[in-house]
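Chemist: Quick one: the structure is below, and I'll ask about it shortly.
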Amino acid sequence: MFKTQKFKVLLQVTSLAFVLGVVLNLFLYNSSVSSNIRKTLSRDGSGSLSRLISDGDDAQRRFPKALIIGFSKCGTTALRAFISLHPDIVSPLEEVRFFTLNYTKGMEWYRLKMPPSTKSQITIEKTPFYIMDREALERIREFNSTIRLIISVRDPIARLQSQYAHTFRNVLDPDDRPSFKAWCQGNANSDHVVRFVDYASHISAVYDLFHKSQVLVLSEEALEMDPLSVMKEAEAFLGLRASFTKYDFVFNQEKGFYCFNMSSPNYPNIINSVKLSESGCIGGGKGREHPEVDEDFFQELVKAIRPHNEHLFSLIGKRFDWDNFKES
């Protein structure tokens, strides 16, 4: 009898040890999976750690379902950063420039440049030069004829000033820089000016290849002053569940525009996918000082650019209330 009881106790201890071993192995396995995902995200900068852990075995690199294709110096960096707050969006940190500079590297190269995502997420890639290149647009259509395209435009004179500031950002001595008017080739109708202010011609090329319902045109000024409304518009366009709230953004008095609210529940989504300052504002060239414009030349620019604006508004079916073109 004593031997029987001893055998039962031994059997119970063995069974308990087996169960504990299984639990321990499962814990170690899950920890390993989470660790691998963390390492992958650390390399990719997708900012999607909390989202992918819940769907660990579903995480893989996928082709983009949406692209931000233009325009340069029109807030595309902020647009990509803000939209990446959404838990169902992932985006590579850097511009991939696949359909322009890297197309010969092949589709698999392109896919591997994307951060891991789950089936329920949308990958967005931003390269603002795509819209300037007809061949790139044709390649995009061949890649995915139903892809969603987002375009950001800006007050054309402000864009010219921003481009000037960007071009001479490393020229510290003002005497070594041409005047703004000289940079514009001294003519408000110069080819150099038209290249930056004629949005309509390039958007027309997009409409030639894609249905208008696939294209969303936004204004950088609206993104700067009311990011929540713009994000709601983008959210609806991409078919995303409602996630953005007023608590995601905070107005920075020193900068003069909205930055990320680091106390927002969505903020962890972008920590690794956006280059930010300590205040939660986008780093780099955001907020560079713009050059002054001679009043006479400014009026020449307004007169020359206004028809381009009207063409744009007629084409896209909406108007933007840009400061430099308000009737006095």
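Cβ coordinates are placed from backbone N, Cα and C, and glycine is handled just like the others.
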Chemist: Disulfide partner of C259 per TrEMBL: which of C184, C281?
Modeler: C281
Chemist: Among the disulfide-bonded residues C259, C281, whose Cβ has the fewest other Cβ atoms within 10 Å?
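Modeler: Result for the disulfide-bonded residues C259, C281: minimum number of other Cβ atoms within 10 Å at C281.
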Chemist: Let me know how many other Cβ atoms fall within 10 Å of the Cβ of K73 (active site, for sulfotransferase activity).
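Modeler: Other Cβ atoms within 10 Å of K73 (active site, for sulfotransferase activity): 22.
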Chemist: Nearest of the recorded positions to R154 (3'-phosphoadenylyl sulfate binding site) by CA-CA distance, picking from K73, C259, C281?
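Modeler: Minimum Cα distance from R154 (3'-phosphoadenylyl sulfate binding site) across K73, C259, C281 lands on K73.
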Chemist: Spatially, and counting Cα to Cα, which of the recorded positions is closest to K73 (active site, for sulfotransferase activity)? Options: S162, Y258, C281, E289, H290.
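Modeler: Among S162, Y258, C281, E289, H290, S162.
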